[in-house]
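What follows is one structure encoded as structure tokens, with my remarks underneath.
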Amino acid sequence: MTDKLKLYGKEFDSRLLVGTALYPSPAVMRESVSASGSQIITLSLRRQNPEQQQGKMIWDYIQESGCQLLPNTAGCKTPKEVIALAEMSREIFATDWLKLEVIGDDYNLQPDPYGLIEAARELVKRGFKVLPYCTDDLVVCRKLLEVGCEVLMPWGSPIGTGRGLMNKYNLQTLRERLPDTPLIIDAGIGAPSQAGEAMEMGFDAVLLNTAIAKAQNPVLMAQAFKLAIESGRAARNAGLMLKRQTASPSTPTLDMPFWQQTVTAGENA
Ligand SMILES: CC(=O)[C@@H](O)[C@H](O)COP(=O)(O)O
């Protein structure tokens, strides 16, 4: 069975998307991204300009790696700022893929739903392939689909908090109500187990940055996330058992001790 991640008509083997910020050095970033197996890498023109030293090293690596580049509009607060940055990013990074961020609150970096919809509508008209970083609000998500986004990236929890899946009810609702939309959990993932849980819940992929970049050993942590995401996806595909309220013996109790039992065909099916 092929189990590829499909986004905007492209297929990927890896379901882990990673950021390139906050690493102790470009060399560690490079090794970590490679260890993560990720094929989609996000970076911000505002913070990692290829014309500056560090930005150039990151840019060179991404070009060598053959990964899909996903420029982001981190730090933008209005649709106007977003559109200007998106156009510059498209020109410099030579891709029309865009991780759309419109931040509505400085304290929790929560996406501004109104700004997001307005910006997404305009960007789609201009030919961008928009992946919006959004809240887990079903109505906002539906509006983003209506204006032409083909992929959505609801937050797990606020960027950089490492709190994991903050509102599982909302996330589960999104998964159930938007079964055909690729949904990527973006931000707030602090541990591989949280990424695995997102995959078990049926999300298509996970995007993260801080948990790998700020680990004591980023390369090892990148490997751990890779394994957790693969494991969570395999578990989802295998079909998880339903939770029960009452206990149910996993070893059937028959009348006689097992060494005296003669099992007849079909009895323990
Ligand atoms: C790099 C990037 O795009 C972040 O804004 C993203 O949302 C990841 O968040 P964490 O750093 O919480 O993983």
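Just so you know, glycine gets a Cβ as well, placed from its N, Cα and C.
Quick look at what TrEMBL annotates:
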- 7-252: domain 'Thiazole synthase ThiG' (DOMAIN)
- K99: active site, schiff-base intermediate with DXP (ACT_SITE)
- G160, A187, G188, N209, T210: 1-deoxy-D-xylulose 5-phosphate binding site (BINDING)
* **Densest Cβ neighbourhood among N209, T210 (binding-site residues), 10 Å radius** => N209
* To do: Work out the three-state DSSP category of the residue listed as 'active site, schiff-base intermediate with DXP'.
  => strand
* Asked: Cα of G160 (1-deoxy-D-xylulose 5-phosphate binding site) to Cα of the residue listed as 'active site, schiff-base intermediate with DXP': how many Å, rounded?
  -> 17
* **Cα-to-Cα gap, T210 (1-deoxy-D-xylulose 5-phosphate binding site) vs the residue listed as 'active site, schiff-base intermediate with DXP', nearest whole Å** => 17
* Asked: Residues near the 1-deoxy-D-xylulose 5-phosphate site, G160, A187, G188, N209, T210 excluded, by Cβ within 8 Å of the Cβ center?
  -> G19, P158, I159, T161, G162, I189, L208, A211
* Structure fact -> Cβ-Cβ distance under 8 Å, sequence separation of 6 or more, same chain as G188 (1-deoxy-D-xylulose 5-phosphate binding site); the residues meeting this, in order, are W155, G156, S157, P158, I159, G160, T161, G162, R163, G164, M166
* Structure fact -> CA pair N209 (1-deoxy-D-xylulose 5-phosphate binding site) / K99 (active site, schiff-base intermediate with DXP), Å rounded to integer, equals 14
* Structure fact -> Expressed in Å to no decimal places, the gap between the Cα atoms of A187 (1-deoxy-D-xylulose 5-phosphate binding site) and the residue listed as 'active site, schiff-base intermediate with DXP' is 12
* How far apart, in angstrom, are the most distant Cα atoms among the 1-deoxy-D-xylulose 5-phosphate-binding residues G160, A187, G188, N209, T210? -> 9
* To do: Run through the Cβ atoms and count how many others sit within 10 Å of the one on A187 (1-deoxy-D-xylulose 5-phosphate binding site).
  => 25
* Asked: Among the recorded positions K99, G160, which residue has its Cβ surrounded by the fewest other Cβ atoms within 10 Å?
  -> G160
